[in-house]
């Protein structure tokens, strides 16, 4: 590298031309980038829960939906005004793009026996209804198991319209946006006509849309904050506009070429990768700051600009390369994640970090040739650092044992963390998606559900009395579970039909006694149902299986999995002849957190091993290499320990924070230890070497940590909790890492690295070094 | 992503502008072409009338049918039935369908008296309870036996049920077809329109495209294996209905058909339902 440095300056035009070519070529790829907000991007193709879910969607009709909650301020949905609204909205909802079904209070297919006829008709036939008729409708609705707590609240205060959509595969964001805009426009129109009614939108389409809109919000809000923060920090730290501009340029070309390459590779942007620019900005700024600060330092020493640039490259190329490689390794471990978009996040950031490294070592020096740079002003803080090092050396025992104690304590706190993935909770409580969900859960029905498919194995099995008995008992058992708000089941339909076939005699509100009766009632019923309101979402084509849906309170992933397992076990114990399978979007998220955590925990040691090996090689010392594990591991332990105490919930983004932050915090360790080793090699003892390390990199560590903490803190402003929690915990761990490097690492070195080669050097001479 | 999203948002108003201009032109063009449009409606009705006329006089028939339902992945389920049909001059046809498979509905019988303008009368006899129930035929748009066919796809073709519009000529297989747009007059239909390909030589329906109420293509019906009976009447022996939205499909196979079986109106009254086997 030493011979390369002059080359960099001599070949500046070539470097400029090459960089420009590369940047332009890669940036063309930006045109191919597209966005996906579809929740399926969280799941790999071979994810077992996704496969179970898709299998069930193929067997029965799709269940992707958008649910519109209608809440009149009057607190009564059974007024002429609201019934008319529901009817008009239902009619209009059939125009929703990709819709295949609309279910509401008004078009519920109510069945009655009239003489020898089976009358199947809309529950709300028209809007000209007398008070008595409305009362009858209310009584029917509240007593109807298919409606109450699903499409109408038991207290009659809130009702809902459910639109089922069939999206073409692969789903594009545009289709989700189309559906969302249609429905929200519709609600806006009705809200204008019915000012005393509130509309809430939830369901899978609302979730998909929220993923996308929060990501867009992130880009719109966070990138400007990030840029402003960076400019502010650079102006303060470097006191040089030219330096700040050069850094900004490096950041911009790093981000655009990374995203451009992502486009060329056919990757898409998602809620996770949308923050690659923010993270890259943070990481890229550190390289430039190190290089520019050294240049300013050399200028202050009286060197010419060319000399200063050479000096800076010479001093920094190795730490910049090593820290970039370790950071990249940390992010590359995300490849072991179960979540495809987190893999993309890891790969893109790793790529960007290496690009930033190359640009900082080539383009930045060349740019600085052309730009003015001011010499550094006197560093007042070197005195502070000297005082700090003395303070640490004096209290080394107390610091050592204090940190050991804190680390042990935090290790004990680690089990307080519980893996929990609820799509609902991915959104901050001030987002409209979360508010709609919370409102609907409190007033009508939850967003979380599990679909169960009960399979009898042979065609027509669903009509057999034994299977229907099992279906009814299992549905009853489900409805009794405290987590369950509503069960939609075919056994309710058959009981109602049986009653209808017997002149609405309530004594016959029970299952038909023979398979022929059940089959023929269903034949009659199915022939009477209008377009879109058929039973194909509850029965498969040969009627060997039926699907029942349990709507639940918004549960944590542990509770959701527990309920699923309990239901499967209960069913298997009682009806071993039939098969029951469970699937839903919520279940997929519930399992992904656990699976992701497990895979990330197994890769953490691997990342630690790789990074430590790299440090061992670069520090050329077994002892220092082993000691370096302490400051690399302790911050994550303390960070997650405190998280366990204060928050206690780990979602899938947090499960990758440990390996990701490892790659970043290792930088500080590298800088500190390489200076320490340098001093030791010059023959100083460990105490003097600690002083030297403090003096030479203490300030730089504080500055870069400040930059990194600020950068990741910006993510905390995201309305998307996967991103904000990740920002909070990562910046916390980076800050803890600085404290560890300044207070714990020196204490460890003084304790564990005593056998100084020149232990007899007097303290007096070392003070001046 | 930034770039992409901005493009999208920037595109929308432009697209709507373009659409605005286009619809403006469309309006001008349609005003200019008013007489032509009327001619197309007349021609459409003429084609449909000829189609109906060519199928007049078949009397009565007895057929065996098989229905093969397929999921998007190709899993199959089979239904079997027999249909007796009677042509009624001056009113809609009458038909009686007896289900044979699946076994649990065997012996169920479905009687229809269709009417050109009034709602059809429908009854279903259920052997398990030995009872006949009338079905409200407003709900004729739902699936027939969970297949991709709706009841309204299978009922007798009556001119009064649609308004017609001739669109164009188009080659279909080795023939040439009229493409006619049929708009259901009944608001309880599940469709906004149906495009029908009618061959110019024999006026047989070769293909139909069904559009749902939101104007999206819902189903495509393809009719093949036409055979001629009594030297006059063409019957398709294979009707394939493919749902374009769900990927499911149903083949309706006409396994045999006989004409002049000597049925009379008495075989199609409600009392006859319970005798049918």
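Just so you know, glycine gets a Cβ as well, placed from its N, Cα and C.
The transmembrane segment annotation in TrEMBL covers A:221-238 (among others). Packing against the transmembrane segment (A:221-238) from elsewhere in the chain are residues 244, 247-248, 251, 275, 277-278, 281-282, 285, 289, 292-293, 296, 703, 706-707, 710-711, 714-715, 717-718: each is 6 or more residues past its ends and has a CB under 8 Å from a CB in it.
As annotated by TrEMBL, domain 'SSD' applies to A:244-370 (among others). Confidence in the domain 'SSD' (A:244-370), given as mean pLDDT, stands at 87.
Marked as transmembrane segment by TrEMBL: A:245-267 (among others).
Per TrEMBL, transmembrane segment is recorded for A:279-299 (among others). Same-chain residues lying 6+ beyond the ends of the transmembrane segment (A:279-299) with a Cβ under 8 Å from its Cβ atoms: 226-227, 230, 233-234, 237-238, 240, 243, 246-247, 250-251, 254-255, 258, 305, 307-309, 311-313, 315-316, 319-320, 323-324, 327, 349, 352-353, 356-357, 359-361, 364-365, 368, 373-376, 664, 667, 700, 703-704, 707-708, 710-712, 715.
Note on the transmembrane segment (A:320-337): residues 283, 286-287, 290-291, 343, 345-347, 349-351, 353-354, 356-357, 360-361, 596, 599-600, 602-604, 606-607, 610-611, 614-615, 618, 652, 655-656, 659-664, 666-667, 670-671 of its chain, located 6 or more positions outside it, place their CB under 8 angstroms from a CB of the stretch. According to TrEMBL, the feature transmembrane segment maps to A:320-337 (among others).
Here TrEMBL flags A:349-371 (among others) as transmembrane segment.
As annotated by TrEMBL, transmembrane segment applies to A:399-416 (among others).
The transmembrane segment annotation in TrEMBL covers A:597-617 (among others). Beyond the ends of the transmembrane segment (A:597-617), by six or more residues, the same chain brings 322, 325-326, 329-330, 333, 336-338, 419, 624-626, 628-629, 632-633, 650, 652, 655-656, 658-659, 662-663, 666, 669-670, 673 to within a C-beta distance below 8 angstroms of the stretch.
The domain 'SSD' annotation in TrEMBL covers A:624-751 (among others).
Annotation comment: TrEMBL describes A:624-646 (among others) as transmembrane segment.
Look at TrEMBL and you will find A:652-674 (among others) tagged as transmembrane segment.
Per TrEMBL, transmembrane segment is recorded for A:700-720 (among others).
What TrEMBL lists as transmembrane segment is A:726-750 (among others). For the transmembrane segment (A:726-750), the residues of the chain that approach it from at least six positions outside its boundaries are 388-389, 392-393, 396-397, 399-400, 403, 627, 630-631, 634-636, 638-640, 642-643, 653-654, 656-657, 660-661, 664-665, 668-669, 672-673, 676, 686-687, 689-690, 693-694, 698, 701-702, 705, 708-716, 718, judged by C-beta separation under 8 angstroms.
Remote same-chain partners of the transmembrane segment (A:624-646), defined as residues 6 or more beyond its termini with a Cβ less than 8 Å from a stretch Cβ, comprise 403, 406-407, 409-417, 608, 611-613, 615-616, 654, 657-658, 661-662, 665-666, 668-669, 672-673, 676-677, 729, 732-734, 736-737, 740-741, 744-745, 748-749, 752-753.
Note on the transmembrane segment (A:652-674): residues 42, 272, 283, 286, 318-319, 322-323, 326-331, 333-334, 337, 339, 342, 346, 419, 421, 592-593, 596-597, 600, 603-604, 607-608, 611, 615, 618-619, 624, 627-628, 631-632, 635-636, 639-640, 643, 693, 697, 700-701, 704-705, 708, 722-723, 725-726, 729-730, 733-734, 737-738, 741, 745 of its chain, located 6 or more positions outside it, place their CB under 8 angstroms from a CB of the stretch.
The helix, strand and coil residue counts that DSSP assigns across the domain 'SSD' (A:624-751) are 113 helix, 3 strand, 12 coil.
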